[in-house]
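J.: Got a structure here, written out as structure tokens. Questions coming.
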Amino acid sequence: MSAVQLYLASGSPRRQELLTQLGYQFERVVVDVEECHQPSETAEQYVQRLSRDKATAGVKKINATKTAVATMPVLGADTIVVVDETILEKPKDFNDAQRMLNLLSGRQHQVMTSVTVATVEREETQLVVTDVWFKTLSEKEIEKYWQSGEPQDKAGSYGIQGLGGKFITRIEGSYYAVMGLPLVETDVMVQNFLNL
């Protein structure tokens, strides 16, 4: 196994899978960042702040636990779903997921994923916005989907890469950003930090 090249400040199995798909060796660093939208923030500002907060929290945590200053970059990311200027994050319970999926049903929405790569010296953030269209969903489909367990840890209460993919009629943008990590943009940023 090759040497670790960067840290991932995320517990998301999908982000771990996608970073592995890019061929990077990484270590996970667990960070605790409060995800609370400020009234003055746009959706774009909010998701970018969260990815920056996660990456910089990772940098601080690594520096606090290592004897030498960490030189490896830390990658933080966050994904939100936006419909009618309403931000949809992870559902709290079935009623919340039902509300979200009913909002998305038969309509277009946006998935915003922000990725930040940071070190002590610098940071870079990139936002990728993808338009997604849903078919009209029945209450039975929503309930059955919730019972699958899939929507419970996903922004907007669905996963494009799983059962939720059957609700999607069209997509414009990055499929991988909807999953949680845009591959092209992430790869360019990481290569830039690693001088590859």
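Using the three backbone atoms N, Cα and C, a Cβ is placed for every residue, glycine included.
Sharing the features that Swiss-Prot gives for it:
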SITE      ARG14  site 'Important for substrate specificity'
ACT_SITE  ASP78  active site, proton acceptor
SITE      THR79  site 'Important for substrate specificity'
SITE      GLN161  site 'Important for substrate specificity'
J.: So, three-state DSSP: helix, strand or coil for GLN161 (site 'Important for substrate specificity')?
T.: coil
J.: Can you tell which of the recorded positions ARG14, ASP78, THR79 lies nearest to GLN161 (site 'Important for substrate specificity') in space, using Cα positions?
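T.: The answer is ARG14.
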J.: Which one is it: of the recorded sites THR79, GLN161, which Cβ has the fewest other Cβ atoms within 10 Å in this structure?
T.: GLN161
J.: For ASP78 (active site, proton acceptor), what is the tally of other C-beta atoms lying within 10 angstroms of its C-beta?
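T.: For ASP78 (active site, proton acceptor), the 10 Å Cβ neighbour count is 26.
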J.: Tell me the Cα distance separating ARG14 (site 'Important for substrate specificity') from the residue listed as 'active site, proton acceptor', rounded to the nearest angstrom.
T.: 12
J.: Would you count the other C-beta atoms found within 10 angstroms of the C-beta of ARG14 (site 'Important for substrate specificity') for me?
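T.: Around the Cβ of ARG14 (site 'Important for substrate specificity'), 21 other Cβ atoms lie within 10 Å.
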J.: According to DSSP, does THR79 (site 'Important for substrate specificity') fall in a helix, a strand, or coil?
T.: strand
J.: To the nearest whole angstrom, what is the C-alpha distance linking THR79 (site 'Important for substrate specificity') and ARG14 (site 'Important for substrate specificity')?
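T.: Roughly 12 Å, rounded to the nearest whole number.
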